[in-house]
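Participant: My structure is below; once you've seen it, I'll send some questions.
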Amino acid sequence: MRSKGVLVFVLLSALTAYYVYLPIPNNIEERWKLMLADSFFRSLSHLAELSEWMGLLHYMKVMMFITIAERVVPVSDERVQVSDESFDGVEVIVYQPTQRQETEELRRAIIYLHGGGWCLGSSRMGPYDLLAKHMVTELNAVIVSVEYRLAPAYHFPAQFEDVYRVLKYFLRVDVLRGYHINSERIAVSGDSAGGNLAAAVAQQLQKDPEQHVQLKAQALLYPVLQALDLNTPSYQQNQHMPILPRTLMVRFWSEYFTSDKSFLRAMMANRHNNHESAALLKFVNWSLYLPDSYRQAYNYSAPPVVTGKSSVHSVGLHHLLADPRASPLLVPDTALRLLPKAYVLTCEYDVLRDDGLMYVTRLRNAGVDVTHEHYPGGFHGALMFTTWPTDFDIGHRMMDNFVSWLKKNL
């Protein structure tokens, strides 16, 4: 009996070790801690797939557990005043210094957009609350954290429209005056899908002829910037990496546009481009815009263009793939030249690495002042790993470096 118990224990231990262990590069930061964290994400993803297959709950409904598990109630403290507000009908959380002297200089402001693939995430998650309060105290700034609508309940362009409405409302002279903000020291920032939205609204704002107050800076943290080529070198290299494997990122893109599963299958195969989006592939040609060291091991092949009757040509999707509000990399150089200075953070072990690298190249070619910070041992989502039980050194380092850039450039 005892030997059977030992055997069962050994088998369970072996199965656990097999499931937790993931063959990831040795130089990825805090790899064993990352493996443990990722085993939870993979377990949840498998449960979500099973739930959807059985017709119980949509995949993203199950994955929302991550958001719920990290949800906090943002509260004021001795240094930061927190309030729930509504800007033009969109829910926001405003963080600002608790006290203000009448002689105090006007403050900086940052509109911050959370990540989560447009389907998950919330400003009310612990790491975002920590980041917002850190920016307030370090920068003497007002932070507006936006609770935009999420897919699959709301597809593109709902998320973009929510964020743009908040931005336009906040940049009104009377609103800025009420928060004691310097109109020449305002930035927009976001991570992952939030970085996508930040880049998109920055582009849209500078095209608005009626907009007098403009942004001074944009800070994009491992942003997702294009949906046309989902087989770039970083998608290939990092397709099985922790936190954001290729399958999950493609699913995020698909759900952002539609819940049509045939479109998801087309995106998984990288066979989702139509004649309209194909004309814009030149803007995401990684053989032109990636540094040599990132493309030398790969041969460029343009994604195929689907013709005939398919989900790619359905009404709506026909145009959405080519919409720069969804894929900010798709604009011509002339639309990039007037953009504010940029901070772009990329991670080596991230399917989205090349999106950021290509945007850095294109912004610089257009004459925009760009600071590019690359983390050779970094992985997607690391900025969210700053609170227990997923507290990583790299997450705190990213936060400190990002805030340091804002302090010098905003």
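Quick reminder: no glycine exception, Cβ is built from N, Cα and C everywhere.
Annotations for this protein, taken from TrEMBL, read as follows:
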type	residues	note
DOMAIN	110-264	domain 'Alpha/beta hydrolase fold-3'
ACT_SITE	SER192	active site
DOMAIN	320-383	domain 'Alpha/beta hydrolase fold-3'
ACT_SITE	ASP350	active site
ACT_SITE	HIS380	active site
Participant: Within 10 angstroms of the C-beta of ASP350 (active site), what count of other C-beta atoms is obtained when all protein chains are considered?
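Facilitator: Step by step: centre on the Cβ of ASP350 (active site), count other Cβ atoms within 10 Å, giving 29.
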Participant: From the DSSP assignment alone, can you count helix, strand and coil residues within the domain 'Alpha/beta hydrolase fold-3' (320-383)?
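Facilitator: Counting residues per DSSP class in the domain 'Alpha/beta hydrolase fold-3' (320-383), I get 23 helix, 19 strand, 22 coil.
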Participant: Please report the Cα separation of HIS380 (active site) and ASP350 (active site) in Å, rounded to an integer.
Facilitator: 5
Participant: When the pLDDT values for the domain 'Alpha/beta hydrolase fold-3' (320-383) are averaged, what is the result?
Facilitator: 97
